[in-house]
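Residues or ranges marked as [2Fe-2S] cluster binding site by Swiss-Prot on the basis of sequence analysis: CYS224, CYS235, CYS238, CYS240. Per Swiss-Prot, the feature [4Fe-4S] cluster binding site maps to CYS290, CYS293, CYS301, CYS304. The compositional bias 'Low complexity' feature in Swiss-Prot is assigned to 164-179. Residues annotated as region 'Disordered' in Swiss-Prot: 1-20, 153-179. Residues or ranges marked as region 'N-terminal SAM-like domain' in Swiss-Prot (evidence: sequence analysis): 17-144. Here Swiss-Prot flags 145-214 as region 'Linker'. Summarising the annotation, Swiss-Prot assigns region 'Fe-S binding site B' to 290-304. Taken from Swiss-Prot, the feature motif 'Cx2C motif 1' covers 290-293, and the record attributes it to sequence analysis. The annotation motif 'Cx2C motif 2' is assigned in Swiss-Prot to 301-304 on the grounds of sequence analysis.
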Amino acid sequence: MSPATVTIDTTPDFSNGGAPHSTLLLAPPAMAAQQDAMAAALTDAAPLGSRPELYMLDRLAAGLTNLAPAAYDLVLVLASGADPLLSRRDVFAKIADAMKPGAKLRSRDGSPLDAAIAKEAILAGLVESAEGAYEKPAEEVAAVPLKFLKKKNKGEGGGPVQSPAAATQPTAPAPAAAAKSLPNGVVMVDLNDDFDVSDDEMIDEDELMTEEDLMRPIQQPPECAPKPGKKRRACKDCTCGLAERLEAQDKARRDKADKQLQEKAATPFKLASEDLNELDFTVQGKTGSCGSCALGDAFRCADCPYIGLPAFKPGEEVTILNNVAQL
(Lines of atoms letter the chains of each structure in order from A and count residues from 1; the text may use other names and numbers.)
(Lines give C-alpha, C1' and ligand atoms only; values in the text may rest on other atoms or scores of the structure.)
Protein backbone atom coordinates (compact mmCIF):
# COMPACT_ATOMS: atom_id res chain seq x y z
CA MET A 1 0.00 0.00 0.00
CA SER A 2 1.54 3.31 -1.10
CA PRO A 3 2.00 6.01 1.53
CA ALA A 4 -0.25 9.02 1.52
CA THR A 5 1.02 12.26 -0.01
CA VAL A 6 2.54 14.59 2.56
CA THR A 7 2.50 18.37 1.89
CA ILE A 8 4.99 20.59 3.75
CA ASP A 9 4.18 24.27 4.27
CA THR A 10 7.42 26.29 3.93
CA THR A 11 5.89 29.71 4.53
CA PRO A 12 6.91 31.46 7.80
CA ASP A 13 4.46 31.22 10.64
CA PHE A 14 5.09 34.81 11.78
CA SER A 15 5.19 37.69 9.30
CA ASN A 16 5.13 41.42 9.86
CA GLY A 17 2.86 41.77 6.87
CA GLY A 18 4.75 44.76 5.41
CA ALA A 19 7.59 45.52 3.03
CA PRO A 20 11.15 45.46 4.44
CA HIS A 21 12.56 48.72 5.75
CA SER A 22 15.12 50.08 3.23
CA THR A 23 18.03 52.17 4.49
CA LEU A 24 20.46 54.14 2.30
CA LEU A 25 23.97 54.85 3.60
CA LEU A 26 25.96 57.66 1.93
CA ALA A 27 29.71 57.51 2.52
CA PRO A 28 32.32 60.13 1.53
CA PRO A 29 35.29 59.10 -0.68
CA ALA A 30 37.70 59.31 2.28
CA MET A 31 35.83 56.44 3.95
CA ALA A 32 36.68 53.98 1.16
CA ALA A 33 39.95 53.05 2.89
CA GLN A 34 38.20 52.46 6.23
CA GLN A 35 36.71 49.02 5.66
CA ASP A 36 36.08 48.41 9.35
CA ALA A 37 34.11 51.65 9.70
CA MET A 38 31.91 50.84 6.70
CA ALA A 39 31.29 47.30 7.99
CA ALA A 40 30.29 48.70 11.38
CA ALA A 41 27.94 51.19 9.70
CA LEU A 42 26.24 48.41 7.75
CA THR A 43 25.89 46.32 10.90
CA ASP A 44 24.37 49.15 12.90
CA ALA A 45 21.91 50.00 10.11
CA ALA A 46 20.69 46.40 9.69
CA PRO A 47 18.08 45.76 12.40
CA LEU A 48 15.39 43.14 12.06
CA GLY A 49 13.48 43.63 8.81
CA SER A 50 15.92 46.25 7.45
CA ARG A 51 17.80 46.19 4.16
CA PRO A 52 20.75 48.63 4.18
CA GLU A 53 22.57 49.71 1.02
CA LEU A 54 25.88 51.59 0.98
CA TYR A 55 26.80 54.03 -1.83
CA MET A 56 29.84 56.25 -2.30
CA LEU A 57 29.13 59.93 -2.90
CA ASP A 58 31.84 60.37 -5.54
CA ARG A 59 30.37 57.60 -7.73
CA LEU A 60 26.89 59.04 -7.28
CA ALA A 61 28.11 62.54 -8.27
CA ALA A 62 29.94 61.18 -11.34
CA GLY A 63 26.83 59.36 -12.55
CA LEU A 64 28.40 55.88 -12.19
CA THR A 65 25.68 54.84 -9.73
CA ASN A 66 21.94 55.36 -10.06
CA LEU A 67 19.44 55.26 -7.21
CA ALA A 68 16.01 53.71 -7.61
CA PRO A 69 13.20 56.25 -7.32
CA ALA A 70 11.12 56.20 -4.12
CA ALA A 71 12.94 53.15 -2.73
CA TYR A 72 14.33 54.14 0.69
CA ASP A 73 12.66 54.81 4.03
CA LEU A 74 15.76 56.19 5.78
CA VAL A 75 18.91 57.95 4.51
CA LEU A 76 21.95 58.04 6.81
CA VAL A 77 24.84 60.41 6.09
CA LEU A 78 28.17 58.97 7.26
CA ALA A 79 30.07 62.25 6.75
CA SER A 80 30.72 63.96 10.08
CA GLY A 81 31.06 67.54 8.78
CA ALA A 82 30.62 69.54 5.60
CA ASP A 83 30.98 67.51 2.41
CA PRO A 84 31.34 69.31 -0.95
CA LEU A 85 29.77 66.44 -2.89
CA LEU A 86 26.69 66.28 -0.68
CA SER A 87 26.30 70.07 -0.96
CA ARG A 88 25.88 69.86 -4.74
CA ARG A 89 22.33 70.47 -5.88
CA ASP A 90 22.30 67.80 -8.60
CA VAL A 91 23.51 65.14 -6.16
CA PHE A 92 20.94 66.09 -3.54
CA ALA A 93 18.17 66.01 -6.15
CA LYS A 94 19.00 62.35 -6.86
CA ILE A 95 18.88 61.57 -3.14
CA ALA A 96 15.52 63.31 -2.68
CA ASP A 97 14.03 61.42 -5.64
CA ALA A 98 15.18 58.10 -4.13
CA MET A 99 13.35 58.77 -0.83
CA LYS A 100 9.84 57.48 -0.25
CA PRO A 101 7.09 59.85 0.90
CA GLY A 102 7.59 60.14 4.64
CA ALA A 103 11.24 59.02 4.50
CA LYS A 104 13.79 60.79 6.71
CA LEU A 105 17.36 61.97 6.15
CA ARG A 106 19.76 62.44 9.07
CA SER A 107 23.34 61.88 10.12
CA ARG A 108 24.42 58.49 11.43
CA ASP A 109 25.53 59.75 14.85
CA GLY A 110 22.45 61.96 15.28
CA SER A 111 24.39 65.25 15.14
CA PRO A 112 22.90 68.22 13.25
CA LEU A 113 23.72 68.36 9.56
CA ASP A 114 26.01 71.02 8.13
CA ALA A 115 24.39 74.34 7.20
CA ALA A 116 25.13 73.87 3.48
CA ILE A 117 23.66 70.36 3.51
CA ALA A 118 20.59 71.55 5.44
CA LYS A 119 20.07 74.31 2.89
CA GLU A 120 20.15 71.86 -0.02
CA ALA A 121 17.73 69.57 1.84
CA ILE A 122 15.20 72.38 2.20
CA LEU A 123 15.64 73.42 -1.44
CA ALA A 124 15.03 69.80 -2.48
CA GLY A 125 11.60 69.87 -0.80
CA LEU A 126 12.41 68.21 2.52
CA VAL A 127 10.90 69.49 5.78
CA GLU A 128 12.86 69.70 9.02
CA SER A 129 11.37 67.62 11.82
CA ALA A 130 11.59 68.02 15.59
CA GLU A 131 14.31 65.36 15.88
CA GLY A 132 16.68 67.32 13.64
CA ALA A 133 16.07 65.07 10.65
CA TYR A 134 14.65 66.12 7.29
CA GLU A 135 11.49 64.37 6.13
CA LYS A 136 10.07 64.12 2.64
CA PRO A 137 6.40 65.16 2.79
CA ALA A 138 3.72 63.01 1.21
CA GLU A 139 2.23 64.61 -1.87
CA GLU A 140 -1.52 64.55 -2.34
CA VAL A 141 -3.42 65.20 -5.55
CA ALA A 142 -6.76 66.90 -5.06
CA ALA A 143 -9.32 68.09 -7.57
CA VAL A 144 -10.50 71.68 -7.27
CA PRO A 145 -14.08 72.20 -8.52
CA LEU A 146 -14.74 75.24 -10.70
CA LYS A 147 -17.92 77.19 -10.01
CA PHE A 148 -19.63 79.06 -12.82
CA LEU A 149 -22.09 81.90 -12.43
CA LYS A 150 -25.69 81.19 -13.25
CA LYS A 151 -27.16 82.82 -16.29
CA LYS A 152 -29.22 85.91 -15.49
CA ASN A 153 -32.46 87.25 -17.01
CA LYS A 154 -34.06 83.84 -17.23
CA GLY A 155 -37.82 83.32 -17.07
CA GLU A 156 -39.63 80.43 -15.60
CA GLY A 157 -39.69 78.63 -18.92
CA GLY A 158 -35.96 78.95 -19.33
CA GLY A 159 -36.12 81.56 -22.09
CA PRO A 160 -34.78 85.13 -21.88
CA VAL A 161 -37.10 87.79 -20.44
CA GLN A 162 -37.87 90.50 -23.01
CA SER A 163 -38.93 94.05 -22.31
CA PRO A 164 -42.32 95.26 -23.65
CA ALA A 165 -40.63 97.50 -26.21
CA ALA A 166 -38.47 94.68 -27.46
CA ALA A 167 -41.44 92.29 -27.63
CA THR A 168 -43.21 94.43 -30.26
CA GLN A 169 -40.18 94.46 -32.56
CA PRO A 170 -39.53 91.48 -34.83
CA THR A 171 -36.73 89.34 -33.53
CA ALA A 172 -33.90 88.41 -35.84
CA PRO A 173 -33.26 84.72 -36.39
CA ALA A 174 -30.59 83.40 -34.07
CA PRO A 175 -27.54 81.76 -35.60
CA ALA A 176 -27.53 78.01 -35.82
CA ALA A 177 -24.48 77.71 -33.58
CA ALA A 178 -26.05 79.85 -30.85
CA ALA A 179 -29.31 77.91 -30.98
CA LYS A 180 -27.58 74.76 -29.82
CA SER A 181 -27.55 74.25 -26.09
CA LEU A 182 -24.11 74.20 -24.49
CA PRO A 183 -23.15 71.34 -22.16
CA ASN A 184 -22.57 71.98 -18.50
CA GLY A 185 -19.20 73.51 -17.71
CA VAL A 186 -18.72 75.07 -21.17
CA VAL A 187 -18.72 78.86 -21.42
CA MET A 188 -18.85 80.75 -24.70
CA VAL A 189 -16.52 83.77 -24.84
CA ASP A 190 -17.01 86.61 -27.30
CA LEU A 191 -13.62 87.95 -28.42
CA ASN A 192 -15.18 91.28 -29.39
CA ASP A 193 -16.48 91.84 -25.87
CA ASP A 194 -14.44 94.43 -23.95
CA PHE A 195 -15.92 93.24 -20.62
CA ASP A 196 -17.70 96.56 -19.95
CA VAL A 197 -14.45 98.56 -20.06
CA SER A 198 -15.30 101.93 -21.55
CA ASP A 199 -12.81 104.01 -23.50
CA ASP A 200 -13.70 106.95 -21.27
CA GLU A 201 -11.92 105.29 -18.35
CA MET A 202 -8.56 105.45 -20.13
CA ILE A 203 -6.49 108.43 -18.92
CA ASP A 204 -4.07 110.25 -21.19
CA GLU A 205 -0.90 110.90 -19.23
CA ASP A 206 -0.10 113.97 -21.34
CA GLU A 207 -3.23 115.69 -20.04
CA LEU A 208 -2.36 115.28 -16.35
CA MET A 209 -0.26 118.49 -16.31
CA THR A 210 -1.34 121.78 -17.82
CA GLU A 211 0.80 124.59 -19.20
CA GLU A 212 0.53 126.45 -15.91
CA ASP A 213 1.96 123.48 -14.06
CA LEU A 214 4.92 123.32 -16.43
CA MET A 215 5.66 127.06 -16.02
CA ARG A 216 5.87 126.92 -12.24
CA PRO A 217 9.37 127.25 -10.75
CA ILE A 218 10.97 124.05 -9.62
CA GLN A 219 11.04 123.62 -5.86
CA GLN A 220 14.56 122.52 -4.98
CA PRO A 221 14.71 120.01 -2.11
CA PRO A 222 16.85 121.03 0.89
CA GLU A 223 19.23 118.09 0.37
CA CYS A 224 20.05 119.37 -3.13
CA ALA A 225 21.02 122.84 -1.88
CA PRO A 226 24.78 123.53 -2.09
CA LYS A 227 26.65 123.14 1.16
CA PRO A 228 28.89 126.00 2.31
CA GLY A 229 32.37 125.66 0.83
CA LYS A 230 31.42 122.77 -1.46
CA LYS A 231 30.58 122.54 -5.13
CA ARG A 232 26.94 122.01 -5.89
CA ARG A 233 26.27 118.52 -7.24
CA ALA A 234 23.16 116.73 -8.37
CA CYS A 235 21.89 113.48 -6.94
CA LYS A 236 22.16 110.25 -8.92
CA ASP A 237 18.38 110.07 -9.32
CA CYS A 238 17.88 113.84 -9.66
CA THR A 239 14.30 114.84 -10.45
CA CYS A 240 14.39 118.56 -9.61
CA GLY A 241 16.21 119.60 -12.81
CA LEU A 242 19.54 120.42 -11.14
CA ALA A 243 21.43 117.79 -13.14
CA GLU A 244 20.23 119.24 -16.46
CA ARG A 245 21.05 122.77 -15.29
CA LEU A 246 24.61 121.89 -14.27
CA GLU A 247 25.14 119.97 -17.50
CA ALA A 248 24.05 123.00 -19.52
CA GLN A 249 26.46 125.24 -17.59
CA ASP A 250 29.36 122.85 -18.18
CA LYS A 251 28.55 122.66 -21.88
CA ALA A 252 28.49 126.46 -22.19
CA ARG A 253 31.85 126.68 -20.37
CA ARG A 254 33.43 124.08 -22.68
CA ASP A 255 32.10 125.80 -25.80
CA LYS A 256 33.56 129.11 -24.65
CA ALA A 257 36.98 127.55 -24.00
CA ASP A 258 36.98 125.82 -27.40
CA LYS A 259 36.15 129.09 -29.12
CA GLN A 260 39.03 130.88 -27.39
CA LEU A 261 41.46 128.13 -28.39
CA GLN A 262 40.36 128.34 -32.01
CA GLU A 263 40.88 132.11 -32.01
CA LYS A 264 44.40 131.75 -30.58
CA ALA A 265 45.26 129.01 -33.07
CA ALA A 266 44.26 131.24 -35.98
CA THR A 267 46.65 134.01 -34.82
CA PRO A 268 50.36 133.00 -35.17
CA PHE A 269 52.50 133.44 -32.08
CA LYS A 270 55.80 135.28 -32.62
CA LEU A 271 58.74 135.70 -30.27
CA ALA A 272 60.47 139.04 -29.92
CA SER A 273 64.26 139.42 -29.97
CA GLU A 274 64.46 139.88 -26.21
CA ASP A 275 62.53 136.64 -25.76
CA LEU A 276 65.06 134.78 -27.92
CA ASN A 277 68.03 136.31 -26.11
CA GLU A 278 66.57 135.20 -22.81
CA LEU A 279 67.04 131.54 -23.79
CA ASP A 280 70.29 131.98 -25.72
CA PHE A 281 73.04 130.66 -23.47
CA THR A 282 75.77 131.77 -25.90
CA VAL A 283 75.30 135.28 -24.53
CA GLN A 284 77.31 135.76 -21.37
CA GLY A 285 75.16 136.37 -18.32
CA LYS A 286 71.85 135.34 -19.91
CA THR A 287 69.72 132.72 -18.16
CA GLY A 288 66.31 131.24 -18.80
CA SER A 289 63.19 132.28 -17.00
CA CYS A 290 63.46 129.23 -14.75
CA GLY A 291 67.25 129.26 -14.56
CA SER A 292 67.47 125.45 -14.87
CA CYS A 293 67.82 124.92 -18.64
CA ALA A 294 71.56 124.16 -18.43
CA LEU A 295 71.19 121.57 -15.67
CA GLY A 296 69.59 118.83 -17.80
CA ASP A 297 66.20 117.36 -18.69
CA ALA A 298 65.41 116.54 -15.08
CA PHE A 299 65.36 120.27 -14.23
CA ARG A 300 63.86 121.68 -17.47
CA CYS A 301 60.30 122.78 -18.06
CA ALA A 302 57.91 120.80 -20.22
CA ASP A 303 58.11 123.38 -23.06
CA CYS A 304 61.87 124.01 -22.82
CA PRO A 305 63.56 124.15 -26.29
CA TYR A 306 66.61 122.33 -24.84
CA ILE A 307 64.68 119.12 -24.07
CA GLY A 308 66.85 116.19 -25.12
CA LEU A 309 70.19 118.03 -24.98
CA PRO A 310 72.79 117.17 -22.37
CA ALA A 311 73.64 119.52 -19.54
CA PHE A 312 75.98 122.39 -20.42
CA LYS A 313 77.45 125.53 -18.88
CA PRO A 314 75.82 128.95 -19.39
CA GLY A 315 77.70 130.82 -22.13
CA GLU A 316 78.90 127.62 -23.82
CA GLU A 317 78.04 127.39 -27.52
CA VAL A 318 75.70 124.52 -28.41
CA THR A 319 75.39 123.31 -32.02
CA ILE A 320 73.62 120.28 -33.46
CA LEU A 321 75.37 118.23 -36.17
CA ASN A 322 73.69 115.12 -37.59
CA ASN A 323 71.18 115.13 -34.73
CA VAL A 324 74.04 115.01 -32.21
CA ALA A 325 74.63 117.87 -29.79
CA GLN A 326 78.13 119.35 -30.07
CA LEU A 327 79.30 121.30 -27.04
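Glycine is no exception: its Cβ is also placed from the backbone N, Cα and C atoms.
Here the features listed in Swiss-Prot are painted onto the structure.
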residue : record                        : Cβ within 10 Å
CYS235  : [2Fe-2S] cluster binding site : 12
CYS238  : [2Fe-2S] cluster binding site : 15
CYS240  : [2Fe-2S] cluster binding site : 15
CYS290  : [4Fe-4S] cluster binding site : 11
CYS293  : [4Fe-4S] cluster binding site : 23
CYS301  : [4Fe-4S] cluster binding site : 13
CYS304  : [4Fe-4S] cluster binding site : 17
Exercise. Quick one: pull the CA-CA distance for CYS238 ([2Fe-2S] cluster binding site) versus CYS290 ([4Fe-4S] cluster binding site), whole Å only.
Key: 48
Quiz prompt | Stretch-averaged pLDDT - the motif 'Cx2C motif 2' (301-304) | solution = 75
Self-check item: Mapped DSSP class for CYS293 ([4Fe-4S] cluster binding site), helix or strand or coil
Solution: helix
Self-check item: Rounded Cα-Cα span from CYS235 ([2Fe-2S] cluster binding site) to CYS290 ([4Fe-4S] cluster binding site), Å
Solution: 45
Self-check item: Residues in the region 'N-terminal SAM-like domain' (17-144) grouped by DSSP into helix, strand and remaining coil
Solution: 39 helix, 33 strand, 56 coil
Quiz prompt | Tally of DSSP helical, extended and coil residues in the motif 'Cx2C motif 2' (301-304) | solution = 0 helix, 0 strand, 4 coil
